[in-house]
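Peer 1: These came from Swiss-Prot, pasted as-is:
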- 1-408: topological domain 'Extracellular' (TOPO_DOM)
- Asn36: N-linked glycosylation site (CARBOHYD)
- 91-127: domain 'LRRNT' (DOMAIN)
- Asn127: N-linked glycosylation site (CARBOHYD)
- 248-269: repeat 'LRR 5' (REPEAT)
- Asn264: N-linked glycosylation site (CARBOHYD)
- Asn272: N-linked glycosylation site (CARBOHYD)
- Asn325: N-linked glycosylation site (CARBOHYD)
- 344-365: repeat 'LRR 9' (REPEAT)
- Asn368: N-linked glycosylation site (CARBOHYD)
- 430-443: topological domain 'Cytoplasmic' (TOPO_DOM)
- 465-486: topological domain 'Extracellular' (TOPO_DOM)
- 508-527: topological domain 'Cytoplasmic' (TOPO_DOM)
- 549-577: topological domain 'Extracellular' (TOPO_DOM)
- 599-629: topological domain 'Cytoplasmic' (TOPO_DOM)
- 651-660: topological domain 'Extracellular' (TOPO_DOM)
- 682-757: topological domain 'Cytoplasmic' (TOPO_DOM)
Amino acid sequence: MTSGSVFFYILIIGKYFSHGGGQDVKCSLGYFPCGNITKCLPQLLHCNGVDDCGNQADEDNCGDNNGWSLQFDKYFASYYKMTSQYPFEAETPECLVGSVPVQCLCRGLELDCDETNLRAVPSVSSNVTAMSLQWNLIRKLPPDCFKNYHDLQKLYLQNNKITSISIYAFRGLNSLTKLYLSHNRITFLKPGVFEDLHRLEWLIIEDNHLSRISPPTFYGLNSLILLVLMNNVLTRLPDKPLCQHMPRLHWLDLEGNHIHNLRNLTLISCSNLTVLVMGKNKINHLNENTFAPLQKLDELDLGSNKIENLPPLIFKDLKELSQLNLSYNPIQKIQANQFDYLVKLKSLSLEGIEISNIQQRMFRPLMNLSHIYFKKFQYCGYAPHVRSGKPNTDGISSLENLLASIIQRVFVWVVSAVTCFGNVFVICMRPYIRSENKLYAMSIISLCCADCLMGIYLFVIGGFDLKFRGEYNKHAQLWMESTHCQLVGSLAILSTEVSVLLLTFLTLEKYICIVYPFRCVRPGKCRTITVLILIWITGFIVAFIPLSNKEFFKNYYGTNGVCFPLHSEDTESIGAQVYSVAIFLGINLAAFIIIVFSYGSMFYSVHQSAITATEIRNQVKKEMILAKRFFFIVFTDALCWIPIFVVKFLSLLQVEIPGTITSWVVIFILPINSALNPILYTLTTRPFKEMIHRFWYNYRQRKSMDSKGQKTYAPSFIWVEMWPLQEMPPELMKPGLFTYPCEMSLISQSTRLNSYS
C-alpha cells in the first residue's frame, strides 16, 4: 500500500458484498467452467490472455478485486480529484467566501491555498466548506486557529512543516468530516486534540514522526471510519482498547511502523473493524486470541513482518475474512488446519514463504478461494481448486512444461545430441588410432567422458520435460524433491568440475612443455593415471557432498526444474551458499584464470623466441595459426564461464536475477565447452586433419584401382598421433647444432606447437 492509496479510503462507506452467479456446471478437480456453458478448462488455460472458452469466460474476473480493492474503480475519479492541482469542484465558479489571500484560488465555498508560502492559517469567511493548505510553511497549529470555520467539512494540511498541534487547534470544527495531516513532522498528539471533531470520518496522519498513541488521543472521534497512521515510528500499541473512543472505526492502517507485537486488549473494542493493515512492521509474536474480537474483519494484512510461528487457531473467529496477506514473513511452519475456519476467504497471499510441509489438506477447506500467491509456482499444484495461482512460472518452468520456452524445449535435444555425438565419436575412434603417447590419449578420452555426462544430463532433462508435458505443475514439487532430480543435478556438477579440472591439467602440461622446453619431463604413466583418478574423485566428492547432509544443504539441487544450483541464495542455507560460491567463484574461477594466463604465456614465449631466431622463416605464419587456436580455446572458456561468474556474483549482491537466466545458462552456455572440446582438442588438430586427408586419398586410390580391376592394399584406418616431446629426432636436439640456446628452444617450441595448429 503506497501513501497515495490512502485516498482510496473513500470507499469506506459500508462493507461490500461479492455476488457471484451460481454455476450448474460441475468440473473435475483442477478444471473450471466456461461461464454458463458445459465446457470445462484446466486451471492453466484460465486467465492466460487467450480466449480458450470461446465466450471470454475464462478471461473474466481474473483480477484480484477481493477486499476493499473491489471499490477501486468506483472511486478512481475521486482520487484524482483530491490530488490534482484544483482539488475542489464547486457548482459555481464565483467566490462566495469574501476576500481571500492574493495567491489563493476560490470557487464557491472552497478555498485552495496550495504552494503559497503561508506560515499560518488564513482568515477568510466562516462559511468556507473546504480548505486546502498543502505544500506551505506552516509549523504550528495554535489554539483556536480554525474556531470560526463551523461549516468546514474538508481540511487539507499535507506537506507542511507542522511539528506541534495545540489541544485546542481544531476547536469549533463541528462539521469537519475529512482531515489530512500527512507528510508533516508531528511527533506527538495530545489526548483530546480531536475532541470537537464529532463528525470526522477520515483521519489521515501518514508519514509523520509519531512514536506513541493511546486511546485518549482519539477522544471525541465517535464518527471516525478511517484511521491511517502508516509510515510513522510507532514501536508499540497501547495495552488498552485502542478503539474505545472510535466505535464506528472500519479501517485501521498501521503499515510501515516499527510495532513489535499485538496484544489481546489492543483490538478488543474494534468489533466493527473490516480492514486491518499491519504490513511492514516488526511483529514477531501473535497470541491465539489476538483477532478474536474482529468478527467482521474482511481484510487482514500482516505481510513483511517477522512472524515465525502462527498459533493453530489464530484465525478461527475471522469467518467473514475474504483477503489474507501473510507474505514475506519467516514463518517456519504452517499447520495443516491453519485456514480451516476461513470459509469465505477469496484471496490468500503466501509469497516469500518456504512451506516445507505444504500439502493439499491446507487449502482444501477454502472452497471460495479464487486467488492464491506463493513463493514458488510449484506450490500452485497443491491448490488445484483455485482458479488463479501465482506465480505461473519461475522463468525456467511453467505450469504446463518443465522447460517453459519452446526454444529451450527444442534446443535441449539439439545441444545434448551434438555434445554426446562429438564426445562419443572421439572416444570410439581411439581404437583406430596408433598413438605413441597413450597418456595424452587417455587424458583426452577422460575429458570426452566428462563432457559426455553433460549431454546425458541434458537428455534426462529433455526426457522428463516430455514426460511432464502439459501437466508439469502436478509433478513439479515431487520432481524437484525426487532422487532423480538430485542425481541428475549431481551428474551436471560432476561433468562440469571434472571437465574444468581436466582442461586445467592439460593446459598446464602444454604450458610447461612450451614455456620451459628443457625442463619438461615426459609425464609418466603412473603420474598421469594418478592425476586423472584424483580429478574424478574430486569431481565425485564435489558433486555428491550436498546429498550427504540434507539439514545442512537443504534441497541443494532441487531449487529449480533443471536441478542445477546456479543461483538460489534466497532459498539456500548459509552452508549451501558458501559451498556454491566455493565451486563457482572458487574452483572454477581459479581454473579459468590459470587457463587464460597459461595460454597467454605460451603465446608470449613463442613470440619472444621468434624475435632472435631468424633461421625460422615461417614463424609469423605459425604464430598466426597458433594465436587463432589459442584464441578460440580461451574464447570458448570465457563464453562458457564468464556469464556464470557474473550471475553468481550478482546473486551474492542480492541483485534480482530473472529465473529465465538459469535455463538459458544450463541449455546454451554451460554445455559450450562440452560440445566444443572434441572439436578444439581433437577434430581440428593437424594429426586428425592429416588422417582425414590420408583416408580420403586412400579411398580415392582404391576406388580408382577397383574401376581398373587392380588389387589394392591400402593402409589401415590409423591416425598416428605424436606427443610433442617425441616429434623431434634426437640428433636435432643436440645443443651443438645451434649457435644460440634460444634457437634450440624455438625449434623445440615450434615442434611442440605443430600438434596444436
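Residue numbering: from 1, along the chain as shown.
Here the Cβ of each residue, glycine as well, is placed from N, Cα and C on the backbone.
Walk me through the surroundings of each of these features.
Peer 2: Its Cβ placed at the centre, Asn36 (N-linked glycosylation site) has 11 other Cβ atoms within 10 Å.
The helix, strand and coil residue counts that DSSP assigns across the domain 'LRRNT' (91-127) are 0 helix, 8 strand, 29 coil.
Sequence-distant neighbours of Asn127 (N-linked glycosylation site) (same chain, six or more apart, CB under 8 Å from its CB) are Leu96, Val97, Leu109, Asp151, listed in sequence order.
Sequence-remote contacts of a segment are chain residues at least 6 beyond its ends whose Cβ falls under 8 Å from one of its Cβ atoms, and for the repeat 'LRR 5' (248-269) they are 1, 6, 9, 12, 15, 68, 206, 222-242, 275-287, 289-294, 301.
In the three-state DSSP reading, Asn264 (N-linked glycosylation site) counts as coil. Asn264 (N-linked glycosylation site) counts 14 other C-beta atoms within 10 Å of its own C-beta, drawing on all protein chains shown.
In this structure, Asn272 (N-linked glycosylation site) belongs to neither helix nor strand by DSSP; it is coil. Packing around Asn272 (N-linked glycosylation site) is summarised by its Cβ count: 18 other Cβ atoms lie within 10 angstroms of its Cβ, all protein chains included.
In the three-state DSSP scheme, Asn325 (N-linked glycosylation site) falls into the strand class. Remark: Asn325 (N-linked glycosylation site) has Gly279, Leu300, Asp301, Leu302, Gly303, Ser349 as non-local neighbours, by Cβ distance under 8 Å and separation of at least 6 in sequence.
Within the model, the repeat 'LRR 9' (344-365) shows a mean pLDDT value of 92, rounded to a whole number.
Sequence-distant contacts of Asn368 (N-linked glycosylation site), defined as residues of its own chain at least six apart whose C-beta falls under 8 angstroms from its C-beta, comprise Val343, Lys344, Leu345, Lys346.
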Peer 1: What else in the chain is close to the repeat 'LRR 9' (344-365), if you only count residues 6 or more beyond its ends and a Cβ gap under 8 Å?
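Peer 2: Beyond its ends, the repeat 'LRR 9' (344-365) has Cβ neighbours at 18, 64, 66-67, 303, 319-329, 331, 333-334, 336-338, 371-375, 379, 382-386, 477, 571.
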Peer 1: Can you tell me the CA-to-CA distance separating Asn264 (N-linked glycosylation site) and Asn36 (N-linked glycosylation site), as a whole number of Å?
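Peer 2: Asn264 (N-linked glycosylation site) to Asn36 (N-linked glycosylation site), Cα-Cα distance: 47 Å.
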Peer 1: Mind checking which residues of the chain, 6+ beyond the ends of the topological domain 'Extracellular' (465-486), have their Cβ under 8 Å from one of its Cβ atoms?
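Peer 2: For the topological domain 'Extracellular' (465-486), the list is 30, 44, 358, 376-382, 384, 397-403, 409, 412, 547, 555, 557-561, 563.
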Peer 1: DSSP-wise, what's the residue breakdown of the repeat 'LRR 9' (344-365) into helix, strand and coil?
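Peer 2: Here the numbers are 3 helix, 3 strand, 16 coil.
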Peer 1: Whole-number answer please: how many Å between the C-alpha atoms of Asn36 (N-linked glycosylation site) and Asn272 (N-linked glycosylation site)?
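Peer 2: Computed Cα spacing between Asn36 (N-linked glycosylation site) and Asn272 (N-linked glycosylation site) is 37 Å.
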